[in-house]
Structures are given as structure tokens and as C-alpha cells.
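Here Swiss-Prot flags Cys432 as active site. Marked as compositional bias 'Basic and acidic residues' by Swiss-Prot: 278-289. Under the heading phosphoserine, Swiss-Prot lists Ser76, Ser79, Ser82, Ser88, Ser124, Ser178, Ser283, Ser296, Ser514, Ser520. Positions annotated as phosphothreonine by Swiss-Prot: Thr508. According to Swiss-Prot, the feature motif 'Phosphodegron' maps to 74-84.
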Amino acid sequence: MELGPEPPHRRRLLFTCSPTPAPQPTGKVQFGASRAGGLSPVTNLTVTMDQLEGLGSDYEKPMDVRNSSSLQRMGSSESTDSGFCLDSPGPLDSKENLEISLRRINCLPQKLLGCSPALKRSHSDSLDHDIFQLIDQDENKENEAFEFKKPIRPASRGCLNAHVHEESKDPFTHRQNSAPARMLSSNESDISESGNFSPLFTPQSPVKASLSDEDDGFIDLLDGENLKNDEETPSCMSSLWTAPLVMRRPTNLADRCGLFDSPSPCSSTSSCSTRAVKRADRSHEESPRGTKRRKSSEASPVKADVPEPTQLPHQSLSLTSFPKGTIENIFHSDPRDLIGDFSKGYLFHTVSGKHQDLKYISPEIMASVLNGKFANLIKEFVIIDCRYPYEYEGGHIKGAVNLHMEEEVEEFLLKKPIVPADGKRVIVVFHCEFSSERGPRMCRYVRERDRLGNEYPKLHYPELYVLKGGYKEFFLKCQSHCEPPSYRPMHHEDFKEDLKKFRTKSRTWAGEKSKREMYSRLKKL
């Protein structure tokens, strides 16, 4: 048989179609080098093994069978049943084999599960002829660029059951993408025809195979997933898109109770605490249908609306020691209007001043206290005059105590603190000439030392005030409460030396104070 020139990219091993030579002794065939000629070691070994007895060689067959089989297939191709295409096609191939939609060439053997390619030669020989004819027709396709097949969403398993049964009958016509061409056992067709088809070895393909499809050679990652058809969208979901927006009720800050407010006034008026905390009622359109919650509500009998309990007040560990009436007063008050120990609100009406962290009172409030207006609520009313002694002697508020040094104030107030009794308060008011520097600084110092000497939030003097405008403004408005009824400024020409002396003393004491604080911090380390 005369063959044309083979293309350079295809490597094939060709043998001359000559009559089979006479058999030689086994020892010479096995070890002789003259037989090998110019063949490669692998080819020599293949020819030698085929000529051995007991391995299905040609010598076991009659002479006429050997002559006819040598024209169709050489012995060297018997070990190539896996599809490596080392032989040329035979002349007896029929045209009907072209219609076979074989899509994989370099693939696994057909009988991989349960058998060996060497033991199934009769069936593989017929397949090799089909493979060789397809190679000759489509040998230029190997030069084309290989592209992986794009994954396609698999259809439902139930929709392809009938199609899978048809495909399983003929494994070569419509083979699955993810399975090789020779992956199934010999009884595959019997199983599929009997109806006991199992998808274990034949995964379902998302799309029916065709002759033009290119097999990717990889396992389809989308196979084996139990995907169901999209269920019909419930009507409650459509209401989320079509229903109007539901606005939550805005919370009014004016009606909301404070941090320490009690629920009694809120519940008596319009139950503001319940309105601020209670969830908004869900509409019937928002609630999904067919849920477990709906099931339980239908099974249980309908009950009358039970009024929701009022909001429990926030409890604080610092308020456990106070009586019930005091705690109620705390809840009624705004947290910003509570005194230092958070036990009650401020007694006096405060005004804005230079320092936002301090509470200021007007000269009129000071005069009303001196007139005894709050005598039933106040046990002790202490006025600390923070001016220098020459200023205090020039005129001061009746009953005021002149303490211009921090150590003097600490010894007067904190060494022997004044204890309130009978529910009455102890109030301390600080002032200087303008109540801009010395008075506010002294007020902060007393609060700081009081905090250090007590467990938070307890204080000896929880209610501290600063007189707005100082002694100068009070003298102009309430001169009758001044003693003597005069006013001496700090920068008086007759007391320049006294001013220098007191300032130096104050600065020295301030420097010593900073040193003492530094020493105390070092001791703590």
C-alpha cells in the first residue's frame, strides 16, 4: 500500500506490509540484536513480545488469518489501544465511520473500569480504524489554537433525565463533556436500557453535545450540583418593591426622658418612654407569608391586647444608698442640672458665665439668699471672698470669709467639712473682684480636692456656685448687703506694695504646689 508523505508535526511508526517472516527460536528473538535492525528499543521490545507464544501473537493463528491481519494492523500497534495514534489507517475503513461523532482522541481507554486494553483487542481494533480516518481528515486542526470551553449554567436535573437515557445508550454519539470517551464499563448500555441508570459515572451535561463542540478535557465543575428551577417569587416579596415606604415615627427630644428621668411623668402624659423604646408595629404587607411565626399565631387562640409594662428606670450603683424620694428627684431632673454627687438638682437658677463648666448665679439670687428666702432649704450658706486682704477690708459682702490662698480654703472647708442635716443643703459661693480668674480657680480647686478625698461620686460640697460679675457688680446692685458699703479695686494706688507682696506669695505657693504635686506623683510610681 502506497502512502503519501506524512506532515512534519505528526509522528507515526510505519511498518512495511510484507509477509510475516518465519519464526525464529525464542532465545534468538529475545536476545538477538540483528532482528532489531534500525528500530528503537521500545519498538524492538514490542515486536519481540508480540512474537512470543502465549501472549496472543500471530504464531498462534493459522497462516491465512495472519496474512489477512497483517494488512489491517501491525503488531506494534496492539499496545497503543489508549489512542496515541502511531499507525496509519487501513484501506478497509468504511465511510460509515465518518458519521461517528467522536470528540476526544487523546483520552483514557474505553474499558478503564474493570479490564485492560491488552485483553480487549478485538473491540479496540475497530475503534482504531475510526480514529485514524478522523485524523487524516482533521489533521490540520492540531495547528489551531486550543481554547477552553466556557462553562454554561447547567439545567435542572429533572429536565435532562430523558436526554441522559438517550445519551447513555450510545457512548460515542452524544458523550458527556466531563467524562472521557472510554470511561464506562462494558455493561453500560444494559444498565441504561433497563432503567437503573445511575449518574455516578455519567455526570449530566448542561448542554447537548454536538460535532462542532470542542471538549475541554477537564471535569466540569458545575456537574453534580443539585440545582432546582427558580421558584415563583412570593407576593410578599413583590410588595417590598411596590408598597410605599414606611416611615418610623420620629423621636421628639423634648418628650424623651433624660438619663436619670423617672417614668412617672412620661407615662401619665403620653407614655413617652414606651414610645421611645417600643418597636413600631409591622404592617401585614411586611410580614412574610407561610412562616413559622404565622403558623404559631394561627394555632394559638387570639388573646386580648395586654398593655405593655412601663419602662424600667436605669439603675446606678451610686444611687443604691439614697432614699426612694431622692431617687425620684434624680429621675425628674436633667443630667446636666444635677449637682456634683448626682443626688439632686441645683437649687438656684444658674446663668451663663465665662467658664462653661461652672455654675454662675446672679447678684439678685445672692441677695435673696441673704434675705432668708431659702432658709428652710439651706443649712449653711458659705461665701468665700478670694480677693486680697486689702480689697476685703475696703468692702465685702456681709458674712463672707476672706480666703485668697488655696491651702487656707482647703483647711477651712475640707479639714472639718460641714455635714448637711434634715435634708437641707450646704452651699458654697466663690467670688473675686470680677469673678474671672481667682474665684473660678478656687472653685475648681475645692472640687478637685473634694473628689480626691471621697469615693466617687460622693462629695462633701456637691453644690458650688460662682457669683457672676464678682464683688464689683454685686456692690453696684446690692450695696445694702456690703460691709462697709464701699469698693476698693485691686489696682489701687495706695496698695501697690501690698499687691506685689500678695502676688509674690501666691506665685511662690503655686510653684511649691506644683513641686508637691510632682513629688506625690513620683511616690506613686
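Just so you know, glycine gets a Cβ as well, placed from its N, Cα and C.
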Could you give the mean pLDDT over the motif 'Phosphodegron' (74-84), rounded to a whole number? 43
Cβ-Cβ under 8 Å from the residue listed as 'active site', same chain, 6 or more residues apart: which ones? Asp385, Cys386, Arg387, Arg438, Gly439, Gly470, Tyr471
Secondary structure of Cys432 (active site) (DSSP, helix/strand/coil): coil
